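Visitor: This is the feature table in Swiss-Prot:
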{"type": "BINDING", "residues": "Y37, Y169, Q173, D176, Q191", "note": "L-tyrosine binding site"}
{"type": "MOTIF", "residues": "246-250", "note": "motif ''KMSKS' region'"}
{"type": "BINDING", "residues": "K249", "note": "ATP binding site"}
Amino acid sequence: MDVEERLSLVLRYPTEEVITVEELRELFQGGYKLNHYIGFEISGFIHIGTGVVSMSKVVDLQRAGVRTTVFLADIHSWLNNKLGGDLDTIRRVAVTYYVETFKRIIEVLGGDPDATRFVLGSDLYHHNDEYWFLLMDITRHLTLSQVRHSLTILGRKMGESIPLAYLVYPPLQVADVFALGAHIPHGGIDQRRAHILARQVADKIRFYPLTVDGKRIKPVALHHRLLPALNISSKPSSKEELSELKMSKSIPQSAIFVHDSPEEIRQKVAKAYCPPREVEYNPVLELLRIAAFREERKTPLVIKRPEKYGGDVEVWKYEELEAMYKEGKIHPADLKAVTAEALAALLEPVYKFFQGPGAKLLEEMRNIAITR
């Protein structure tokens, strides 16, 4: 695979941006062994945004020859009071439900679950004096204003009254990038500010400098799209507003969970926001794109329609679908029907896992109080 083919894998949907593309191209051209990481708070059930969208980029990176890592951020979750702030519960859920779910999704998407490393935050920090020196070093090079500005990482507006612990979170996240040796830190577009901080301190820190071939570099940040909540009532006016209106595991009606049954998926999609002719921030279109158009199709997607409205339609590419919907040639009800079926087919192996060997994991999650 040549450099441009590798680059196209990284840049394809659902990638929103890479900072910077030219830096990544140079790293690929150099033939360096590159490390990736994406971090997750440990909280409630994994939905399709956290699971399928994120892991689709992990699979793309695997194919591009990048070593991938999923970071299970137990300490961050504790600081942010997830799962009631119970650290033991957070850790247990991280290494059981989260690991098993992500592995199943990677496999469903055509990747290799064994090729991705899973790292628990506590394990990275344990008996690691250099990490704590790194963290302190990072704080020496950040201002209070910079840290407060990045607090949307936590889903909290910086003008609110917040515990001091929350101010530790952004430097901690920046430190993880370097401690993991991540040339490509990855997350949703809502993680952008933290990754910008990492780039800003990259040439200043003394501990865990990020290097290739002995040369210090800045991390190349990779950000994927956020799935809008199913129950949004209007189009977001900005990316910042979208981060507030993304799918949320603590609001069940806003999200499709990866363990949902086909009938639950149909019911949720049927109620989803899907205005006629509107293609921007349309959660149903986004869901169909990730479920049916991530890979080049070998057969057309068939959208069933009544004969009086023109009969069935065959679609090969997402761009065709979007254009037809924008022109009003596809009714929202027909779009919802095909989306629900495509999602149910994609997630069927995950659903069956949680109906069988993974049932105990799901039951434990149902018994845990979920905090947002």
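Glycine is treated like the rest: Cβ placed from N, Cα and C.
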Visitor: Output, ordered by sequence, the same-chain residues six or more apart from Y37 (L-tyrosine binding site) with a CB under 8 Å from its CB, or 'none'.
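Guide: Long-range Cβ contacts: T68, T69, V70, F71, V119, D176, V177, L180, A182, I184, P185, H186.
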Visitor: By the count of other Cβ atoms within 10 Å, pick out the sparsest of the binding-site residues Q173, Q191.
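Guide: Q191, out of the binding-site residues Q173, Q191, has the fewest neighbouring Cβ atoms within 10 Å.
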Visitor: Rounded to a whole number, what is the top Cα to Cα distance in Å among the residues the record ties to L-tyrosine, namely Y37, Y169, Q173, D176, Q191?
Guide: 17
Visitor: What mean pLDDT does the predicted model reach across the motif ''KMSKS' region' (246-250)?
Guide: 69
Visitor: For D176 (L-tyrosine binding site), list the number of other Cβ atoms lying within 10 Å of its Cβ atom.
Guide: 26
Visitor: Near the Cβ of Y169 (L-tyrosine binding site), how many other Cβ atoms are there if near means within 10 Å?
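Guide: Looking across every protein chain shown, the total is 23.
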